[in-house]
Every structure is written in C-alpha cells, then in structure tokens.
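Features reported for this protein in Swiss-Prot:
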- 347: active site, proton donor (ACT_SITE)
- 378: active site (ACT_SITE)
- 506: active site (ACT_SITE)
C-alpha cells in the first residue's frame with residue numbers, strides 16, 4: 001500500500017487548530033512526545049490528533065517498512081538500481097554477530113579498517129608520522145566533495161569543544177581554486193598531511209584539487225616525488241590510481257560499495273574527524289549512532305522517533321502539498337548541519353520514479369533549507385510566520401552549552417522556544433488591533449496597520465532537544481535523520497540510495513570543457529546556441 005494514496009486527503013478535513021487542541025487536552029505534550037536517552041522529541045505542535053496519528057501509524061504498519069528495516073540491517077541489496085547493500089549502520093555496529101555480504105563477513109573487514117585508521121591517527125598525533133623534511137604534522141587538509149566533505153566538516157565544527165589533538169583540520173571541496181587556495185595560504189608544506197577522499201579517485205573536483213595540491217607540495221620540495229608519500233593519504237577503492245599518484249598503498253584506506261557517500265562519515269571518510277577530536281571521541285560518535293540503530297530496529301512504530309519524523313514529513317508532503325522543510329538548529333556549532341542534511345535528504349529522496357521504474361503520481365522529496373538561530377530570525381523567519389507557503393519546521397536545541405555564558409544560552413533557548421510558540425499561536429487581528437490602540441494609535445490608524453501585523457499561526461513545528469552536544473549525542477542526532485530519510489523512501493516506494501540525477505551534469509561538463517578548449521571539436525559543434533554564446537563571452541573577456 002502506498003502512503004500517498006487518496007485516503008490521506010481526508011485527514012486534512014480534521015481541520016486541526018493547535019490552540020484548541022492544547023486547550024482541550026492537558027496531556028497533549030505527554031501523548032505527542034518521545035525520548036531516546038538524552039534526546040527529547042516534542043511533536044505536539046504538529047497538525048495531528050489521536051485519529052490522524054493512528055491513521056498514519058496504520059499506513060506504516062501496512063507498508064513494507066518492517067521488512068525493509070530487517071533487509072537493510074541484514075545486508076539485503078535494497079539499493080536495487082546499483083545492486084548494492086546499504087550498510088552504513090555496520091560501520092558503527094558494536095555487536096560481534098557476523099554479517100555476510102557477497103560471501104564475506106564484513107564485520108571483520110570493518111574492524112580491521114577501523115584499526116588501521118586508529119593507528120594512522122595515533123601515529124600523526126604522537127608525532128611518529130613526519131613530513132618529508134622531518135617536521136611534525138600540524139595541519140590536515142581533507143580534499144573531497146559531497147559526502148566526503150559535508151559530513152566530516154559538519155562534525156568537526158560541531159564538536160570543536162572536543163578538539164584535543166593540536167591538529168588544525170581544513171576542508172577543500174569546490175573545483176573553484178579559491179577553495180584550495182584558502183587552505184594553502186594558511187598551511188606549511190613541510191607540516192601538512194593531505195587526505196584525498198574519493199572512491200573512484202577520478203571525481204573531477206577532488207582530482208583537480210589533489211593534483212594542484214601535489215604540485216604545490218613538489219614546488220616546495222624541488223620536484224622530489226618521494227615527498228608525496230609523506231604528505232598524502234587516500235581513501236579510495238582504486239589502488240592503481242592511488243599508487244600512480246605517488247601514495248604508498250599502505251596508506252590507502254577502504255571505501256566499500258555498500259556505503260553511500262552521503263552516509264560515509266562513519267567510515268574511513270571520518271578520518272578527518274578523528275584527527276580533530278581524537279579516535280576515542282570518534283568512537284563515541286559511532287556509539288551514539290549505534291544506540292539509535294538499535295532503538296530504531298527494536299522499537300514499535302508508535303514510539304519510534306525516526307518513524308514519527310518520517311510519517312509527519314510524508315503526511316505534510318502528501319496531504320498539504322508541502323514542498324519545503326525548514327531546519328533551524330539553535331546552536332552555532334551546528335552551522336553546517338543544514339548543508340549536511342540537505343545532501344542526505346534531497347539526494348536520497350529527490351526521485352520521481354518508483355522502485356519498479358514507474359513514474360510516481362505523488363510528491364516525494366522536498367527542499368530542505370534553513371540556518372542557525374537566532375540569525376534566521378533576522379533573515380527568513382518572516383516568510384515562516386506571514387508567508388503563504390506551507391513550511392513545516394524542525395527546531396534543534398541544546399539544553400546546556402560548553403561555555404560559561406549562561407545568559408547567552410538562556411537567551412538562545414528562549415528565542416528558540418518563542419519561535420515555535422509564535423508559529424503555533426500567531427496573533428489575531430483583534431489582538432493586534434487592541435495592542436495598537438493601547439500603544440496610542442487612533443481607531444483609523446489601528447485598523448490600517450493591524451492587518452499587516454496579523455500572524456496566522458497554526459503552523460507546524462517539531463522541537464528536538466538534546467541535553468548536550470557531545471560526540472555521542474551528535475552521532476545519535478545524525479542517525480535519527482538518516483533513518484527518517486530511509487523510512488520516507490520506503491513509504492514513497494522509491495530508492496533512497498542511488499543518485500542518477502547528478503550524472504548527466506558531470507557528463508555534459510566534460511563535453512563542454514572539451515568544447516571550450518577546441519571549437520573545432522564534435523563537442524563544440526553539438527552545443528546549443530546559448531551554451532556556445534556563453535563560451536564565446538568567456539573567451540572574449
């Protein structure tokens with residue numbers, strides 16, 4: 001049974017008024033909130049009642065979700081278009097039960113690879129790994145893009161208070177040389193270790209940045225190729241290309257086909273995280289995610305946070321035609337969390353074809369966007385409060401901070417809670433009109449201005465409150481959203497683990513690059529007039 005069938009449309013006819021729902025049920029928050037360890041999930045400000053939630057849960061029970069959860073964790077090839085298992089969960093699994101994929105126990109492989117990463121991190125941190133000139137490494141530059149950049153960068157920033165190794169970690173992703181130059185301007189070639197993170201070792205942006213970084217290094221070492229081995233490690237499955245680059249294969253770390261890029265921070269791709277926060281803290285990150293994996297796998301749907309998250313998001317998409325989801329973390333340390341989750345969500349569920357290959361006739365993935373509070377309040381919250389677009393909101397708040405500025409933390413949390421309350425209750429015309437009269441305006445002035453100050457309210461939001469932002473709790477938070485994305489894909493009958501939509505642009509980009517360098521080429525002759533004219537404008541600059 002598909003989640004987005006016509007039977008969902010009638011749920012909107014319940015005409016939920018949040019203020020009324022809270023007024024008539026003093027146990028609403030208790031009914032519509034959940035807890036996993038130190039994460040509190042309050043979904044009471046959503047447009048639901050007991051009847052709607054029951055209907056959504058029944059749809060989940062009738063779907064293939066239970067079977068799909070088992071299949072994913074057991075290594076079935078649920079990525080059907082690429083014939084691959086989806087096992088990022090195995091990277092953080094603390095159990096010892098064998099998990100066989102294509103005839104191999106991948107638990108042993110994962111354990112072995114973790115140990116290799118741990119040894120590298122400890123070797124660099126301790127100073128036993130030295131640069132070519134004999135100096136200790138002081139800076140790590142991670143060169144990767146997409147999942148090889150967004151996840152590690154987000155975690156390294158989020159866990160800045162846990163940095164404990166004296167290593168400075170930098171990230172380079174964009175093919176725009178400015179991305180690389182920003183890093184090279186602040187590092188010393190004699191004390192820098194580069195991580196090249198590319199499964200294929202042919203990703204255009206990563207390869208071009210890596211080649212330029214290599215040239216920069218060799219320029220300092222008078223073209224002595226032996227220097228490369230002291231200053232580069234790789235995370236790739238293409239050993240021949242890694243060796244050709246000059247990297248010792250002993251320092252090439254694995255990427256498996258059963259780990260998608262946007263779910264890879266738990267793998268060797270998370271090496272840059274371990275360099276910043278130490279390997280012990282990296283393991284705590286994995287442990288937090290594992291706690292959610294167990295909880296997700298073992299908890300009934302009605303008490304399962306990722307399932308409820310997915311049901312609400314799918315309900316709004318199918319019933320209210322929501323095309324957007326706002327994510328508002330009220331913590332500066334989570335400043336890259338929206339960017340990270342954009343890829344995880346939109347690359348996973350931005351699909352218009354079902355698993356069988358048929359075109360879907362319902363809305364699937366939405367635009368996920370947002371920003372850090374309180375900055376967003378002075379930028380885009382106006383649209384959330386008074387715009388005419390339906391946008392569900394997720395607030396993420398941290399109860400305690402790492403600093404001693406308690407007045408700042410209280411103000412931050414007060415603003416977060418106030419925004420969710422304002423979205424829910426709004427302010428009516430009568431409320432505004434009476435306030436304006438009290439402020440000294442006459443009736444004519446008050447009537448003229450009141451309509452502009454009305455805030456409709458009744459706009460749904462969820463608040464996720466963490467006790468603290470630690471490696472463990474961050475791992476758990478990420479895993480909650482990962483599983484939410486998975487559940488939505490199952491409900492919509494789409495494959496959340498391929499990304500064919502990004503391939504065409506890559507292919508055309510290579511053709512256009514050839515055309516830019518040779519206007520007699522077939523690639524140039526096959527261009528449309530608009531693209532040809534754009535190339536001409538660039539050449540005539």
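Cβ atoms are placed via backbone N, Cα and C, with glycine included.
Here the features listed in Swiss-Prot are placed on the structure.
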residue	record	DSSP class
347	active site, proton donor	helix
378	active site	helix
506	active site	helix
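A gap of 29 Å separates the Cα atoms of residue 378 (active site) and residue 347 (active site, proton donor).
When other Cβ atoms within 10 Å of the Cβ of residue 347 (active site, proton donor) are tallied across all protein chains shown, the result is 22. Within its own chain, residue 506 (active site) has 204 as residues 6 or more apart in sequence whose C-beta sits under 8 angstroms from its own. Its Cβ placed at the centre, residue 378 (active site) has 8 other Cβ atoms within 10 Å.
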